[in-house]
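Structure record follows, encoded as structure tokens.
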């Protein structure tokens, strides 16, 4: 049961498309050694019930590799492979088990290519890696993309890389020059790159310059309005048909030359421009356009093709701006580019807005301030009263790295400062209240003092003569008798000289005295007595 044969080492399986190759290393010095391999496949190896089978194509081989492509038919299941060395009846122990899932370790094979040199360009046709195979590792060949590397066949060649469709045109080439190229198939979604095709070389021809052809074909697109422009170099009568092709047709390996369609409104026109916005029915795909020129002899010539990716080709126009102002805020209302009906601009570009505002004054050093917002309504605070502010807005999309031109400037003047007049009014009212609070007690005190002084020194009435005393002697008691009624008696006292006394008509005086008594002006007189005062007494009173 003992053996001197060593087991194979470094077991590896290489898979290209559906081609499987088993390789290993053997370090023994034995001669006449052969190798045989076994495999098993199942979704569950834990039960150990799966039996090992001989691996077709890898029995009694003398080299350190074998092809077992015919044995593998399930590309998404787990497989085990092992191998041993054999010499007559003697065998080595089995190698370590190599585990694999074919699809996970498979490599994309090289595509097939065909080249044709015509009118200064190279027409290339690419076939998928498993085009002629019954069993396929890659089920949907439409997922493939093809990368091309091309260079001049010279000692100082420069390599140029570009993507190509299964049927495509390679232009911008020098005439009468040999170019070599190779193509690689890739699966971008799975980050897989395949093997390059064998290198193929072809010589270009000279391009015939047909004056009938439209030249400088270009697309101008603004706010999802698409226009095709071109130049005319033909001096005689010429008409144009603008044609388009839906982009996904170029991804197919079929001939799409008969699937070009005319743009509505751009058939048999003489203008060198065409509005093709009507054909842009989806923004997720791409379109190809070309111009067919025809003269009066029905000779035609096709221009170069231009590619249109709607969201990439389109440019963002300036937004609309309206400004309004309140006491403390500048209100900015923004209209999205393309107007309110342009839903594509709002929904797919995820627009933001860059607002520039500044004080429009003679001072050139006024700082321009920037504010970025997502909404279509913005405000600016910290405004200076009685100042002209100007605003302009730019729309931009970070997702597509696009920005519009700035809108036209909109200016508005802030109202005057209302705070200073309020402060002045408040100060005046406060001062007025303070003056009134101080002046009223003072005025009241002065009024009381004035009333007291006037009452004492300048009374409005005098006491009756019978309580003033006689002969210039004041009455000793200032109080009236309690039993008498308090009646204010007033009379006019005139100071006269002795000479004037002699001229007084005693009769008139007596009459006046009598009238005063009759009216009850002197409370000290006996109202019930009715007696008359002697003339001597009257003379004394007058004196």
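Glycine is no exception: its Cβ is also placed from the backbone N, Cα and C atoms.
Owing to the predicted nature of the structure, the values given are computational and were not obtained by experimental measurement.
Residues or ranges marked as domain 'Fibronectin type-III' in TrEMBL: 7-111 (among others).
Positions annotated as domain 'Fibronectin type-III' by TrEMBL: 315-417 (among others).
The annotation transmembrane segment is assigned in TrEMBL to 419-447. Packing against the transmembrane segment (419-447) from elsewhere in the chain is no residue: none 6 or more residues past its ends has a CB under 8 Å from a CB in it.
For 511-543, the entry in TrEMBL reads region 'Disordered'.
Positions annotated as compositional bias 'Basic and acidic residues' by TrEMBL: 533-543.
Here the domain 'Fibronectin type-III' (7-111) is broken down by DSSP into helix, strand and coil counts: 7 helix, 45 strand, 53 coil. Remark: secondary structure over the domain 'Fibronectin type-III' (315-417) totals 6 helix, 46 strand, 51 coil, with classes taken from DSSP.
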